[in-house]
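*Asks:* When I checked TrEMBL for this same protein, it listed these features:
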type	residues	note
TRANSMEM	21-38	transmembrane segment
DOMAIN	23-305	domain 'ABC transmembrane type-1'
TRANSMEM	58-79	transmembrane segment
TRANSMEM	129-149	transmembrane segment
TRANSMEM	155-176	transmembrane segment
TRANSMEM	245-265	transmembrane segment
DOMAIN	340-573	domain 'ABC transporter'
Amino acid sequence: MEKNSLVRESIKSVIKKNFSIILLMIFIIFAFVISSLLPPQILRYIIDNNLAPRNNEGLLLLAYLYMGAIFLIGLFDLAKETLLTIIGQKITKEVRMKMMEKLEKINAMFFSKNESGKIVSNFTNDVDAINSMFTSVIIGMIIDCFKIIGVVVSIWLFSVKLGIIAVLLLPIIYYITRFFQKRMLKAQIDNLVSVSKVNNHISESVKNIRMIKLFSKESYMESNYNEYLVDNYETIERVTFYDSIFSPIILVIRSLIIALIVILSSEQLNFLGVSVGMIAASIELISNLFTPIENLGMELQNIQQSISGIYRVNEFYEISEDAKDSVDLTNILGSNNLSLSFNNVTFNYEDDKNVLENIDFKIKPLERITFVGRTGVGKSTLFKLAMGLLKPSKGSITINGINVYNIPNSEKRKIFGYVDQSFPMLSGTVAEQISLKDNSVTFEQVKESLDFVGLTDYIKTLENGYNTEVKKDNLFSQGQKQLLAIARAIVTNPPILLLDEITASLDSITEEKIITVLQKASQNHSILTISHRLSSMISSDKIIILENGKIKNSGTPETLLKSDDWYRNHIELEKLTWN
Ligand code: ATP
Ligand code: MG
């Protein structure tokens, strides 16, 4: 793909869709630049025609005109800013939507290799940089250049000598403002860093307050905090210093220039050969030079940042997506006559080390399979592969011949119900935790599935029942969250259930209840479970024992009890500890 493509594409499409707004904006920008040159001209006229010859005629009208011109500048400025914001936001939205579409297509592997912080900053800071690139940097630079040119030309027309002086002033003003801007920016960045250190320290302390108390780390936290605060104090002082010194310095330079012009044009020198009105107008025009020059400095600086923002967004857009082939799901959707096969599957997260190797098995429709094996052997990984979240490096995983990796995410919920020990909450009501705001899930289904896991009574005690907003994380206990996770998985009645260690955080009575219910459910579902505690698991048709990334043994519980020493020892040990 071509470089800069996403950003360029988005800007192009926004321009195409909003062509009339763009034209209007160009017009407004010109009107703004030109109108800002008017007041000095009116001022010159007033002085030369009325004030110097002491002539009152038409003075009131001229005063209105002057005010009108100022008003017009404000109006154009307002219109310009409004249009820029509108266009900028449209571009931002376009880029973010395209990025979101992209995000949905990226292979899940990408997220295990990249920190989420980087992606978040792609979406936030980098897109903002693109917005500011368009609104303030490019357009801002154009406006500022025009303004500067307008001022210089206006002065030049009064007097060539004065014009030359104005041109000579440009680099001087530029370098002086840059000198301070650079130091100010450095101070601001240092300050941001130290502020974030202070803030992070607080949030870290609050988050880990129990650990800090338990391990008596208070003094350590305190001394660190003190250090960050002192640091922050110093950076704030620097920021304030540059902030407060900048305007007076600009004012001093401006008055020096005004003094210079006045001296040069005094009668004794009469060097410039201009009228009093022109002097006044030039003073005003030169005063107007400072702001665009200051802005130009900042804009040149921001360009660097914006370009790297664009670069990073495009880089994000170029992350390879594993293309999914389109598949025909008509035969498997709605059917529970599904068989899942692992065909000689090998998988690795990192390039060199295989987590799973040559895994080969087939699950018949409605079969119940339990995977056992030591911590870290790759059981959860195997489940993610089974649902097509990860792509095998060798071999394939199919359901009735269809490659699971090709099943679109939008259909997955109809086929797989996955439960592990985590229960990511989304913002919304209790019912929405189960439906996930999926319109195809009815309220009846939500109630049924919550009833199925035995949470109805508890939910009825909540303030608004099913419609209680879940704001705090502690509305539900660990075990209740586990039950919610099961309800969320089964609400769409998927034919294949994958249960990863789901009974670990439940008390033994609830556990038994859940197992009984799932046992019942298993009559029309295929169930894959991962369990550490063999004695408490759902009775299975087959057990697959994993070791060192391979299938070490498999068979019915009865045969394994006879043939597999590891399995037999495990069961016996458990009986000892649990009885
Ligand atoms: P447990 O019983 O503790 O849940 P498990 O059998 O489910 O273990 P997995 O979570 O599948 O084990 O992990 C298998 C191996 O893969 C581990 O060595 C783990 O470090 C590694 N692993 C898991 N997830 C990732 C990831 N996103 N990126 C890199 N390596 C990973
Ligand atoms: Mg696991």
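Backbone N, Cα and C define each Cβ position, glycine as well.
TrEMBL does not curate its annotations; it predicts them automatically.
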*Asks:* Mean pLDDT for the domain 'ABC transporter' (340-573), rounded to an integer?
*Replies:* 87
*Asks:* Given a Cβ distance threshold of under 8 angstroms, which distant residues of the chain, six or more beyond its ends, lie next to the transmembrane segment (58-79)?
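*Replies:* For the transmembrane segment (58-79), the list is 28, 31-32, 35-36, 38-39, 42-43, 45-46, 50.
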*Asks:* Quickly jot the same-chain residues contacting the transmembrane segment (21-38) by Cβ under 8 Å, restricted to those at least six beyond its ends, or write none.
*Replies:* 15, 69, 72-73, 76-77, 79-80, 83-84, 86-87, 139, 142-143, 146-147, 150-151, 154, 285, 288
